[in-house]
Structures are given as C-alpha cells and as structure tokens.
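**Q** The domain 'O-GlcNAc transferase C-terminal' feature in TrEMBL is assigned to 358-578, 586-771. Feature annotation from TrEMBL assigns repeat 'TPR' to 73-106, 175-208, 209-242, 243-276, 310-343.
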Amino acid sequence: MARSVDDTFRRAVEALQAGRPADAERAFRKTLELSPRHPGALNLYTVLLMRLGRWADAEPYARRAARETSSSDVTLYNFGLVLKQVGKPAEALEPLERALALAPHVPDTRITRAGVLRDLGRLDAALADLDAALALDAGCVDAHLGRAAVLGQLGRLDEALAACDRLTGLKPDLADAWGARGQILRLQKQHEEALAAFDEALTLRPDMADALVGQGAALAALGRFAEALAAFDRVLARQPDHVDAWIGLGDVFFGQSQHERAIVAYDGALARDPRSAPACLHRGKALFVLNRLDEAAAACARAAALAPTAETWRLAAEIAFALKQYGDSVAFYDKALSANPALAYGPGGRLHAKLQQCDWANLDAEVARVLADMRDGRPVVQPFVALFLPVSQADQLRCARDYAAGLDVPRLPEADLTTRRHERIRLAYLSADLREHPTAHLTAGLFEHHDRSRFETTAIVWGDRSGSAIARRIDAAFDHVVDISAMSDAEAADLVRGREIDILVDLMGLTKNCRFPILARRPAPVQVAYLGYPGTVGSDCMDYVVADGVVVPEDLDTAYAERVVRLPHCYQVNDDRRAIGEQTPTRAECGLPEQGFVFCCFNNSFKIQPTMFDIWMRLLARVAGSVLWLLEENRFASANLRAEAQRRGVDPGRLVFAQRAPLADHLARHRQADLFLDTRPYNAHTTASDALWSGLPIVTCEGATFPSRVCSSLLQAVGLPELVTTSLADYEAVALALASEPERLAAIKSRLWQNRSIAPLFDTERFTRDLEAAFLEMWARRQSTERAQEFTVAR
C-alpha cells in the first residue's frame, strides 16, 4: 500500500514538473484517494490548482494541507492566498499571520497580507506591510506596485506617483509600472498624462489588458466616449471575460447618463465574477442615481461584504441617508472614515446625517472640528452642508471655491454672438426640481408670467417627473421643454450651445441632484444663479447671483464669486395662484389640544439646532398650556427632540408632530397655529412663504449669511418688519410678547392678511417684470462686451 502511494505521488510530481497538468491532477487525486492526509499531495495539488487559476477548487485542499502541515510557512501562505482569491479576506489573515510568525523575512507573505488588508479596508496596515516588504527587498516589483496602489486609495496621490516614478526608474521597460503610473495620474485627474503612461505600457506590452482598460477610463473622463468604448471593445474582443473591461464599459455608459445600460454592463462583470466588489459598487451607484434605493442598498451591502472599502461605506451612508435611515448613515460614515480618515467630505456627510435626526451628542465639538478643517482648506464638508453651520459668508465662499476647484471639466469656446439672429432673448432654466418640489411651487407663476414678446423660454430638466401636476403646469408655461436625463453633462452643455441659449438660469446651485458640470463648461454667454441655492457657488463660471438688499447687503459683495444683482424687493418669487384648502382641519384632527397657544415651525429637521431649541423650550415653560407644532420629518428626529425637551424640563407631550400632507391641506392647517418660530443659521425659506401666504406671522432672527436672512427679506416685503430681530434675546422677547398679548398678535395677523394682496411679496407679475428687467440689463451688458458687474434693479 505504502509503495503504491509513493509511486502514484512520484508520477504526480513528475507530471507537474513536466508541465502535464491533466496527468498531474489525476495522479494527485489518486494519491489522496489512497492516503487522504498525504501532506505532499495536499500541498502540491493545491499549488497545481492555484497555477490553473482554479481557486475555489483549491480551497478545500489548501485547508486540509494547512491542518496537516501547520508548521510550514509555505503551506500557510498558500492557504491564505487561496482564501484571498476566493473572497474570504477576514479568514485569510490568520494563516498569513502564522506564516509570518514562522518566516518573518519573506516579502511575498507581507505583500499578500497587504492585499488582504486592502480588501478589508485597512489601508494603513497594508501600507506598513508593503514598506516592510521593501525593507526586505528594495527592488521588489510587486511591493512597489502595491504601495503605489494603496497610497492612491488613501488619497496620497503625490506619494503614489513618486512610488511609480521610482519603479519606472528601476525598471523602465516594465509595462506594469507604466500602467500603475497611468492609474495614479488618472486619480489626479491628469487624464492626458495618464493616456501617455498607458501608451508607454502598451508599447512595451501591446496586449496588456489592464493598460487598455485604464486608457478607456481616461478617455471617458475626458469625455471622449466613442474612443473609450473602442478601447473596452478591444479588450473584450480578446478577453470576453475581462471583468474590469465590463466595469469600464459600464462606467462609460454611466458617464453618459445611460444608467440602465451601465447596469447591464455591470451585470456582465458580475456574471463573470460574482465576487467582484467594484462591479457591485458601481452597480449600486447607478441604481442610486436612478433612485432605486432598496436595490442600491442591496448592491452596496454585497460590495461591502466582499471589500469593505471607504468608498463602499460612503455609498452605503449616502443611500441610507436617502432612505431617511440616518442612524445607519452615521454608522456607515464612521466605517468609511475608519477605513480612510482623509475621505473627502466624509465628516460633513456624517454631520449632516446627525443633524437630520436631531442627534446633538457632541455636536459643538464635531462642528468645531469640521469648521477648523474646512478653514484649513481640507475637503471635509460640501458647500450645501456648510450653509447651515455657524459660519461667515467668507467661510461659505472659501468652502464653495475649494469644492468648485475640484470640478475638472473643459470649457467650451466663448460663444460668438455675432452669428445669432433670433429677435427674442433665449432664456433657459436648468433644474431637476421642476416637479413635486418647493422650487416648482414657488416658480410656476413666474414661468407663466414671462413676457413672450421679449423672451423665448426653455426648461431644461432631468429626473422622474411622471405623475406630477405641478410639472405639467410648468411644462405648459414654457416654449420648449428638454429632458436631458439620458445625456452626459458634456452633451447637455452642447445642447445649450446648439440652441443658442443667451441666458442660462441655474435653479439648483450645489444641491442634491444638481448637474453643475454643465454650467462649469460655460455653454451660455450669460449664466445666472437663482433661488435654489442661498449662497455663492464659488465659481467664475457663473456671472450673476440674483439676490436683494436684505439677503446680501452691499458689504458682502466680496464674499461672492458671482456679481450680485439686487431686485428691488424680496429675491424669492412666490406663486399667487397657490390654493389653500377650503376646509380647516380641527385642532383635534391636527393632534393639537383644544386650548392653548400654538407655536409652530414646519422647517426641515436639520434646521432645528440646540440654541434655537433652548429658546423654544423656555417659551413653552413661560407660556402656560402652549405647545410646539413641528413637522415629522423622520421618526428619529421626533424621538430625539422629545428627549431633548425632557432634558430641559419640558413635558415631551407638548411637542406635536404633523405628518406630511398635500400642499393645499398643509397650507390650510396653518390656520390652527398662532405664531411661526424661525430657525437660524438656516431660516425658513419656502416654508416661510407657506406660512405667510396662509396668514401665519413669523418671528425671525436675522443672521450674517444669505440663508440666515431670507425670512427677514420675506417679512419686510410683506410689510412686517417689526417681526425681524437681530439678536436671540430680542427674538425670544418678541415671541413671548406676541404669545402673551393676543390683541397685538391679532392686529399683526389682520395686517398680514390684508398685505397678501397688495405687498410685493405675493405679486407674481410684478416680481416677473423686476426679474426680467435684471435679465435685460445682463444681456445688454453682455452684448456690449461689458464685464459682469453688480447692479440693482430700480423700484
């Protein structure tokens, strides 16, 4: 028996050495039938299967080999490598660590463990292993390549490029080194230089698929989509199972806003490798853009299970945020920042999720840390989130400029106005929010009142607008409606230029779902920021921002990248056709007590912050029987606010939460409130217009930034300047006085109701004429080749 086993094993080894894998496999399997614990057969059959790329087949034999020869560093190394290849990085760590304990001076083991640590998102530990491998062998190519890749993942791109340059210096004829250099240059958005590096790699190795894939990705980033598709097609023609080429193909479609086609390509990658974490991640991104949130969450969870990287956890956090699962969003941001503490905009995203659920634990310290990093120029908070933090207008400009500087898009040549022959000014509005959204409800009347003898109007829209009555009303108000959902940003910019749009008005700024890269390409001669974003976008691609003398006093002009145009009254348009429900719900139907003063704030939960809440609780304590009526934005915020009330000695039952309702019904229920309490540093905007249109007075405290001054502008434009305060002490005093003096409050309500029909705030036609006067002045200046500059529209 022993002789038979030895002879069979010898034949297996001879076949392996002679390059006859089929004969070797038969002999190894026969050996193991005769002696299932044969250590040599287990080890060498594992090696054979590894060479053949049959990693899943190798796993059981590698596992058995590790049991039988647990003192062999080579056996343990092979077991760890197999586990890594079959997507079990957490399990792979233990045998690799045992191998290193037995043989600490083997570079390959450290390189493989670094790869496992990368898969687990432990990038700093991976880098330490690669540095240790290079200390053992300074010329180790795989260690240099791995180190460059990890530095790239950590965002330390200059160091990563230096690592590539050291390797190309050591091995100038090494195609992999040039390919790695191309990948880092691509991460640095130096796409032309990346193409040169990939070309060098392909000169050295014309069939290098990874370089072709990198070339395709760089071409896609440059908007050269046809060439990018050709690059990926070349790879797939030779290697139809090349997973990264399928992913790259999907990325090209994604870049062209063809998200359904992108998903098909990502599915093609997953059909070939179900354990491809990048394919799962990119598929999740496409589903997220399509607002298929549950599917996106599932794809992202699968990616995280395969490779829990910082980018994967960030996407998980963004999806959870969109699903209003704010606690999960915070937890995912924690994981993302643990994997990469320098993750761009991670701290701000985490803070936003906390504010959405009114989780104020350690809030002051977190805000202070984010603001300190922002002021140091670190990309920690996106500009929109900075709007509702305690910052100056100059801080907001700095944040927006830093963000805009990261938009690496080519600008179109300056438009030649001498070739334009149309008589009317071609005016286009750019927005994804011309649907069931506050922007749409504010602007519908504006679009309807435009002077068609002077302006030819176009709505440029994207996203799901199906079934929206307000979208249908808005579409009917325009001469043209163009849906760019299936266009890339570059294609959309070309469309604007091709239609000879004279003035392009952006209604979104840097808010959710915006497509600011369209504007960054400068497709229109005059580009205007209006309404949707209360601040500067930080880019000179925008000529003007529409404001008024209250929201942007003249001494703040220098805190804007745009030139400030001031309307004579409030900058915020309102629709004077908005219907208020005829039936007022009873107090009981609203969940309100039959008696007692009703303070109200229907702002989004992120606007409610501790300083204002302290004042509100003091008001409840001082006004017997009063309640605070809030909007139930999410159940987490409601629970946290009740707990915060309890901490301040106020019965949580005195906080009443309203569910969302159709707009007309929502406006009607304002009649059951007595006084609206505004927030700071981000005021009520559309919400304030809702209250005033419904006849509900507001007390506000004017701040120093655009979003903290909007309610002041609204109140002054409706003839109630006495409700504007400039200190929190005065804010509290005015609110208390109005709650204590019913006759005074009744007089204010009566005046507000009278002013609705005569004050500028709700005169949509008058507002439209003022805004058109601004557009006419902008166009006259552009035609005379004057540079954009500040001006005020006359009353």
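For all residues, glycine too, the Cβ spot is worked out from N, Cα and C.
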**Q** What parts of the chain pack near the repeat 'TPR' (73-106), using Cβ distances under 8 Å and only residues at least 6 beyond its ends?
**A** 39, 43, 46-47, 50, 55-56, 58-59, 62-63, 65-66, 112-113, 115-117, 119-120, 136, 275, 306-307
**Q** Could you give me the DSSP helix, strand and coil counts for the repeat 'TPR' (209-242)?
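**A** When I sort the residues of the repeat 'TPR' (209-242) into the three classes, I find 27 helix, 0 strand, 7 coil.
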**Q** The repeat 'TPR' (310-343): mean pLDDT?
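**A** 97, rounded to a whole number.
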